[in-house]
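A short worksheet on the structure shown next.
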Amino acid sequence: MDRRLCVHLCCLLSACALAAVSGAPIQSAPVTGKFWHISDLHLDATYHVSEDHSQVCLSSKGHEALNPGEFGDYMCDSPYELILSAFDFMKRSGQLTDFIIWTGDSPPHFLVEKLSTDIVVQILSNMTSTIRKYFPELMVYPALGNHDYWPQDQFPNSTNKIYQAAADLWEPWLKTEAIKTLRAGGFYSQLVQPGLRVVSLNTNLYYSPNKVTTNMTDPAGQFRWLMETLESSRQNAEKVYIIAHVPIGYLPQCNSTTAMREVHNERLVQIFRKYGDVIAGQFYGHTHRDSVMVLLDDQGKPVSSVFVTPAVTPIKDASEPYSNNPGVRLYKYDPRSFGMLDVVQYFLNLTEANEERKADWKLEYVMTEAFDINDVEPQSLQKLARSFAGCRSEAFQKYFNHFMIALEKSIHSKPSPEPNLAAQGWRGRGHTQDGTPVRRKAPQAGLEPQIHQRAGPSQTCCTTV
């Protein structure tokens, strides 16, 4: 027998013998990886059902609740029962997930004098311990939201009591180096598994209402740190998931107003374009709505998928005709390439839950099935965007309904016609060739990026979230 063949057969037999001794076949990597995304819990501990609808919750700021029940009201932030029902659903769903991302905003929408640093820390502690109780076996990667500070939005560019408290609370999930940068600036990175890194940004430093960091070029040195981190990941052949609270791009309710200061938004876009080969997905909260964006490189090629998850809180501003139902989200990804495969969105019909006194969380949609796309990689999202074109795009109408998380038409504060996207100031999402957000006429493509114009300053006053 040929000696080389003999050696090869011997190696195969040895491998089989080892497998037999271990009592189990050699396992291959799972076909699909999964992780949960939760955001904007906004716990309102004052919530209680009352005959006086103006006294149901402090988060309504004196406005009357619409139809308060055990699981909340569309004029109020989340009662504890609503948040527990979300975690209980996730726990009992049977989904075998690898980790959770949690993109901030645990305190309620109270007037500033009704909160304090100590209260914010207490709420962060409450939500952290609740998540650990429900998911003791899972790693959780948090990011700070603009309400996770007091006074809200005013995040400083150096260490403070909130950054220190968050580092202490999240130490069971994070390693030493991550804790170090979290204490210093509210951001961190951590290796999830070989080949995959999570980068948690403190985008509150760039948030437009943040007066503390006005005129700062690089608050807390986060831009420099981010580029160093992404360059290191490139050299080490790692893929990166970016998580943060305030998203790049603009607030969809606000007539093309960027959520961040425009100069910081553009800087982030430049960095993300430069490292498009490294970044496998971006995940945000803050808007309370369900939306997606796609980022282009300087040649017009789609390079990054951007996902904005809906909130758990159902609260709406008194001036808004619609609200969102509570939502939690599951992502599917390729465990080899770490590319994004799908979005699975769940929701709670709050009206129905209160009537039946039972929280029955349901599937809202699976993105690839709902929009007939192969995956949720940048090329597929660009295809989806183009399907939105046209005055009566069925795909866009479906997207708008999901944007409001199973649009609830029974909760208007006053009678309102069917959604008129132009009248509501709806604008699609996208970026020009230089990476800046674009403004376009409703109901044009939510993602279609092939528009070569620059967004002008908004003329609309928009309530912060």
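A Cβ is built for glycine as well, from the same backbone N, Cα and C atoms used for every other residue.
Automatic, uncurated: that is what TrEMBL annotation is.
TrEMBL lists D40, H42, D105 as Zn(2+) 1-binding residues, and of the candidates H288, H402 the one it assigns to that same site is H288. Binding of Zn(2+) 2 is attributed by TrEMBL to D105, H245, H286, and within the candidate set N146, N157, N324, N325 the record adds N146 to that site.
The separation of N146 (Zn(2+) 2 binding site) from D105 (Zn(2+) 1 binding site), Cα to Cα, is 6 Å.
Distance noted between the C-alpha atoms of H286 (Zn(2+) 2 binding site) and D40 (Zn(2+) 1 binding site) is 7 Å. Here the CA atom of D40 (Zn(2+) 1 binding site) lies 10 Å from the CA atom of N146 (Zn(2+) 2 binding site). Sparsest Cβ environment among the binding-site residues D40, D105 (other Cβ atoms counted within 10 Å): D40. In the three-state DSSP reading, D40 (Zn(2+) 1 binding site) counts as coil.
For the domain 'Sphingomyelin phosphodiesterase C-terminal' (301-411), residue counts in helix, strand and coil come to 32 helix, 27 strand, 52 coil, using DSSP. When other Cβ atoms within 10 Å of the Cβ of H286 (Zn(2+) 2 binding site) are tallied across all protein chains shown, the result is 27. Looking at D40 (Zn(2+) 1 binding site) and H245 (Zn(2+) 2 binding site), their Cα atoms lie 9 Å from each other.
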